[in-house]
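Summarising the annotation, TrEMBL assigns region 'Disordered' to 1-22. Residues or ranges marked as compositional bias 'Basic and acidic residues' by TrEMBL: 8-22. The annotation transmembrane segment is assigned in TrEMBL to 71-95, 139-158, 170-187, 208-231, 256-274, 314-334, 354-372, 384-406, 418-446, 458-480, 524-542.
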Amino acid sequence: MSQIASAVRDEPPPSIHPPEDELGCKHQLAVTCSNAEEKVSKEDRNTPCFLRPFRSIHNMYKTLKGDLSSIFLLLFLYLLQGIPLGLIAAVPLLLQSKGITYSQQAVFSFSHWPFSMKLLWAPIVDSIYVRRIGRRKSWMVPCQYLIGGFLLVVSYYLNEIMGTNGSGTPNIFLLMCIFLPLNFLAATQDIAVDGWALTMLSRKNVGYASSCNVVGQTVGFFMGNVVFLTLQSKDFANKWIRSTPQDKGIVEFDDFVFFWGCVFIVSTTLVFIFKKEIDHSVPSAQDKMENQAHGDDEVHLNVFQTYQILFKILCLRPMKIMVVVLLTAKIAFAAADSMTDLKLINAGITADKIASISIFLTPLQILLPWMLGKQIAGPKPLSVYLWAYPYRIFMGIVFAGLVYWTPHFRLPNGEYPYTYYGIWIGAFYLNQIASYCYFLSLMAFFAQISDPKIGGTYMTLLNTLSNLGGNWPSTFVLAITDFFNKKNCISATTKAVLGTCNKKPEEELCKAGGDLCEFEIDGYYISIAFCAMVGLIWYKIFYKRINMFQKIPRSEWRVIKTKN
């Protein structure tokens, strides 16, 4: 549930929301109201205030009229991309309900990594293609066929792999080996669709490409995660839909995967046959003159030149410190973000209830970027970042406190009152503010220092480093937490300690005798404290250095110097 609090996150979570590494870097920074007022036309100023929204919608329709079909196609392609990402994020919650260890969760967490590291093969996707098929379709079509085929084949073995057909415990390593290449294919499809969006839309509407990405991928993730977890929940179906209770949900995991496999195959075939690649983004002569006047003409690079530029960027003096900052900053939040949901599953809260909390956070996710626009649009956006960092550490401690008190809220029938969920929603609202301040201020600074001469390569590199800095701490914390756990088998009658039950067989033997296996030392709280301590030390070490980033001349961040 901690991942809910950082929706559209820049860390790759093992549950609820799409990480910012998947969605966040595509967000356009919010425009402040004052700036928007400066751009209001004379005709709009003469329009009554209550009619302006309708005029804006009408003007937008006229602007988008020639690109509407392309925009709907992009929305659908990004929606498809979000489905496997949502499924991958849902799996840890399903696995945790089966009693797997944090170390096993760490193994599966590697399946989240490809989307955060797609820069490594993005230049190849951009440069190598079959001209007859099309530059973007050469990659998008095979990737989507492979995703569809992957889902169809996996659906036949999923129950056995997940251990839901009485075959025993889940095969975690095999699950990781399945979902890691699935994520790799989704990441490659993302590269191709991102590139196609820039040429599919006309130059005046190309700015809507990022909106298509955010909306489409978010809806896809929501369907693959929240909708799926809700429909597969027998508790939800028995309480709200069925009159006669059953021991399964409305939709089974394998059926859901099979359905989307069919959708991928059919839709990809239709796009391959009927949608042609046409470059609508050719700049006008006036645009070219303006770019030349500002020295912002984009340099076109081949594969080898792109990798050379990336290496040169990493060798820049300020970038060396920035790399360390980006790769280590998120250690402070790793335990809270990667383990809180799993602890709540252990406490008896179902995955669909954890997922459904994201619905209540949607209004805040929409409003916050606009509310923060003025604060991050100035010359020192990292000041907001530095304010948000300790606040996020504090919220991690708050989450740990709420997890600790969770058993006290439990009712005799095993359910939790609505008050309990209201407290969590309030906590996540507070954490969401810090998460957005942290993320948007960082994105604003990236936009300021990125060299416009090399297009999105610079920005993508910075986002890749930031995303990787969220991946490895989560995997590391999950891997080590089990070493801190100590469980005792407690007699149900005398409350005496009968022995330890740290391992799964010992725990099953303890419970088989009617006794209780309880924590004497819970590694979750140790990990939270460790990460918070590391975060505070990190903050003290890097506070001045991060402030100094804002004072470094922009020319020091560039590898292609402008000729005077």
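Glycine is treated like the rest: Cβ placed from N, Cα and C.
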The recorded stretch from 71-95, 354-372, 524-542 sharing the largest number of CB pairs under 8 A with the transmembrane segment (139-158) is 71-95
Ranking 208-231, 256-274, 418-446, 524-542 by Cβ pairs under 8 Å to the transmembrane segment (384-406) puts first 418-446
Result, the transmembrane segment (458-480) in contact with the transmembrane segment (71-95) (3+ CB pairs under 8 Å): no
Looking only at the recorded stretches 208-231, 256-274, 418-446, 458-480, which one has the largest tally of CB-CB distances under 8 Å to the transmembrane segment (524-542)? 458-480
